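Visitor: So that we are looking at the same thing, I have put the structure below in structure tokens.
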Amino acid sequence: MATRRELANAIRFLSMDAVQKAKSGHPGAPMGMADIAEVLWRDFLKHNPSNPHWADRDRFILSNGHGSMLIYSLLHLSGYDLSIEDLKQFRQLHSKTPGHPEYGYAPGVETTTGPLGQGITNAVGFAIAEKTLAHQFNRPGHEIVDHHTYVFLGDGCLMEGISHEACSLAGTLGLGKLIAFYDDNNISIDGHVDGWFTDDTQKRFEAYGWHVIPAVDGHNPEQILEAVKQAQAETTKPTLIICKTIIGYGSPNKANSHDCHGAPLGDDEIAAAREFLKWEHAPFEIPAEIYAQWDAKEKGQVAEKAWEEKLAAYAKAYPELAAEFTRRVNAELPANWAAESQAFIEHLQANPANIASRKASQNAIEAYAKLLPEFLGGSADLASSNLTLWSGSKPIRAVENADGNYINYGVREFGMSAIMNGIALHGGFIPYGATFLMFMEYAHNAVRMAALMKQRSLFVYTHDSIGLGEDGPTHQPVEQTSALRLIPNLETWRPCDQVESAVAWKAAVERKEGPSALIFTRQNLAQMDRTAEQLANVARGGYVLRHCCENQNCPDLILIATGSEVELAMKAADVLDAEGVKVRVVSMPSTNVFDKQDAAYRESVLPSHITKRVAIEAGIADFWYKYVGFEGRVVGMNSFGESAPADQLFKLFGFTVENIVEKAKAIL
């Protein structure tokens with residue numbers, strides 16, 4: 001029987017060999033954390049390689065994602081559908097083993113990591129989801145949700161500011177099933193960290209309210225085993241296990257040096273490591289005995305079967321709860337969702353209200369949350385401004401309301417957004433979280449990661465323009481809406497009234513293949529009249545709100561607007577119409593959605609032969625030239641805002657009927 005060290009060495013040599021074959025990669029972390037991984041995966045991790053999506057599996061997150069060959073080796077050795085050929089294709093085009101772990105490629109990879117600090121933050125989201133789901137569904141004698149979240153992280157993750165945001169909140173919420181392993185090797189890309197990272201990490205995490213197990217020898221299986229047992233025994237606090245490790249362990253000449261962090265070791269050094277660790281096998285060769293000891297398929301199938309029996313007993317005792325649990329973990333919307341949400345939208349159209357779109361957003365949350373117990377809302381300490389609370393909101397605390405549906409994220413925009421991604425990845429919830437649009441800048445990379453991972457995270461942004469007013473340019477978004485529109489696979493909405501706001505929320509809820517950004521105003525907006533056809537076309541991202549005639553060829557001019565500027569466009573159209581100009585007004589709440597429509601529909605809204613166009617939006621002007629062309633004009637922002645009442649700012653920056661009419665006449 002192979003020893004623990006030999007089992008860990010299988011990880012080390014698969015990692016060395018794959019990085020060497022790829023001619024790039026990071027061998028140091030997998031070699032340094034191999035002993036920790038061997039103990040965790042073989043002695044504790046509850047998982048089934050034959051079903052990577054088992055609802056009650058433990059979650060494992062590699063926050064230091066550059067060490068991706070660690071998780072690929074673990075998945076391969078444990079019996080997941082990841083072959084030795086897949087490992088040989090490490091970092092190659094269209095392989096299942098990209099340079100950093102990517103969700104949706106190798107089965108068993110729970111989240112995309114690489115941007116340091118986001119993995120530990122996703123893990124906090126996973127742990128929140130587990131705890132909340134357990135309190136919502138578990139009943140005495142029926143614990144159908146009962147799993148841990150394990151995360152590996154390194155010095156880089158702890159240096160990133162987002163780790164403070166996430167770990168602070170994790171301690172406050174008492175996430176007892178979150179267990180983190182800190183790869184304390186004192187090395188980063190630039191060398192030994194003594195020159196730039198001398199924090200007392202133990203005291204830092206104790207101050208957060210974590211249970212900390214310090215000074216564990218990361219190459220001593222017995223110490224690691226005991227540390228995990230202690231961590232599991234502490235159920236009221238998250239645990240940080242500080243593992244002293246040697247980066248590149250087993251490399252005679254490069255271990256404990258940044259030389260092995262982010263580059264292949266080289267053939268000579270790998271040969272020396274083989275001799276040093278007494279590994280007599282060829283590259284990518286693993287003895288059958290080691291494969292047999294690593295194989296977790298049978299153990300995993302037994303564990304899942306036992307859980308299925310628990311679920312069957314639960315279904316017998318609580319049939320309605322069991323059906324609801326199954327619906328939610330399968331990410332299915334309620335049977336009455338489509339009809340009820342559409343009825344709400346039609347009710348709004350029939351009952352006009354000139355309200356701020358942030359208030360319209362709150363009304364949509366109120367209506368939809370009653371249909372969607374899977375909603376898990378929140379705000380970055382701006383609930384009274386973002387208007388994210390509804391009558392049934394139940395804020396989650398460490399002990400009270402552990403079965404709640406709302407998270408007070410505090411002033412943690414980046415942390416909130418990456419936590420939401422973890423919640424979405426875990427399953428059972430649709431997370432939404434809000435802040436001012438200006439502060440999406442703090443969270444931009446987490447929004448991008450949601451889009452990359454195709455997760456249904458709903459990012460809510462209010463106070464969307466110079467309409468914010470007196471708080472001034474530090475708080476007034478200019479380029480942010482366009483920046484969001486440019487993120488691939490993110491659908492961004494900027495609705496013009498309560499109806500478009502409700503449609504935007506509905507579209508975001510129904511979109512399973514990616515996130516949405518919902519952008520709302522501080523100021524009141526006039527509701528637009530619509531026919532049934534126009535109402536149906538709102539969901540297409542752009543539609544003709546004002547016709548000048550039935551003939552497609554008739555417009556002299558097209559005005560395109562979003563959000564608070566749609567009313568301006570309609571008023572300008574009336575002025576021009578009175579002067580004999582035939583004007584079409586297009587409301588385009590989501591350029592991303594509109595661009596996905598078929599060519600015939602897009603042509604029906606924006607006929608290519610009508611080149612006289614003006615776009616109006618209180619955001620950066622440059623974005624709109626793709627719609628107005630060289631002959632068109634844009635009424636937009638080309639500078640930062642100012643501190644003044646909103647009406648003065650709109651006049652100052654040209655968002656007036658008079659200026660729109662003047663711009664239009666200049667091209668007619």
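Backbone N, Cα and C atoms are what each Cβ position is placed from, and that goes for glycine too.
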Visitor: Given that Swiss-Prot assigns His66, Gly114, Pro115, Leu116, Gly156, His261, Phe439 to the thiamine diphosphate site, pick the one from Asn48, Asn138, Asn185, Asn408 that the record assigns to that site as well.
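Guide: Of Asn48, Asn138, Asn185, Asn408, Asn185 joins His66, Gly114, Pro115, Leu116, Gly156, His261, Phe439 in the thiamine diphosphate site that Swiss-Prot records.
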Visitor: Write down the one residue from Arg57, Arg358, Arg412 that Swiss-Prot lists together with His26, His261, Ser385, His463, Asp471, Arg522 as binding substrate.
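Guide: Given His26, His261, Ser385, His463, Asp471, Arg522 bind substrate in Swiss-Prot, the matching entry from Arg57, Arg358, Arg412 is Arg358.
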Visitor: May I ask you to find which of Asp146, Asp155, Asp200, Asp217 Swiss-Prot records for the Mg(2+) site already listed with Asn185, Ile187?
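Guide: So the Mg(2+) site in Swiss-Prot includes Asn185, Ile187 plus, from the candidates Asp146, Asp155, Asp200, Asp217, Asp155.
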Visitor: Whole-number Å distance between the CA of His261 (substrate binding site) and the CA of Ile187 (Mg(2+) binding site)?
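Guide: With distance taken Cα to Cα, Ile187 (Mg(2+) binding site) is 8 Å from His261 (substrate binding site).
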Visitor: Looking only at Leu116, Ile187, which of these binding-site residues has the biggest number of Cβ atoms within 10 Å around its Cβ?
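Guide: Its Cβ has the most other Cβ atoms within 10 Å: Ile187.
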Visitor: At the Cα level, what's the spacing in Å between Gly114 (thiamine diphosphate binding site) and His26 (substrate binding site), rounded?
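Guide: Given the Cα positions, Gly114 (thiamine diphosphate binding site) is 12 Å from His26 (substrate binding site).
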Visitor: Apart from Asp155, Asn185, Ile187, which residues in this chain have a Cβ no more than 8 Å from the mean position of the Cβ atoms of those residues at the Mg(2+) site?
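Guide: Result: Gly154, Asp183, Asp184, Asn186, Ser188, Val193, Thr245, Ile247.
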Visitor: Within 10 Å of each Cβ, count the other Cβ atoms, then let me know which of the recorded positions Glu413, Asp471 comes out lowest.
Guide: Asp471
Visitor: Applying a 10 Å Cβ distance cut-off over all chains shown, what neighbour count does His463 (substrate binding site) have?
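Guide: There are 26 such Cβ atoms around His463 (substrate binding site).
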Visitor: Rounded to the nearest Å, what's the C-alpha distance separating Arg358 (substrate binding site) and Pro115 (thiamine diphosphate binding site)? Just drop the number here, would you?
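Guide: Answer for this pair: 32 Å between alpha carbons.
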Visitor: Rounded to the nearest Å, what's the C-alpha distance separating Glu413 (active site, proton donor) and Asn185 (thiamine diphosphate binding site)? Just drop the number here, would you?
Guide: 30
Visitor: Taking only C-alpha atoms and a 10 A limit, tell me which of His66, Asn185, Phe439, Asp471, Arg522 are near Asp155 (Mg(2+) binding site). These are the binding-site residues.
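Guide: Neighbours among binding-site residues, in sequence order: Asn185.
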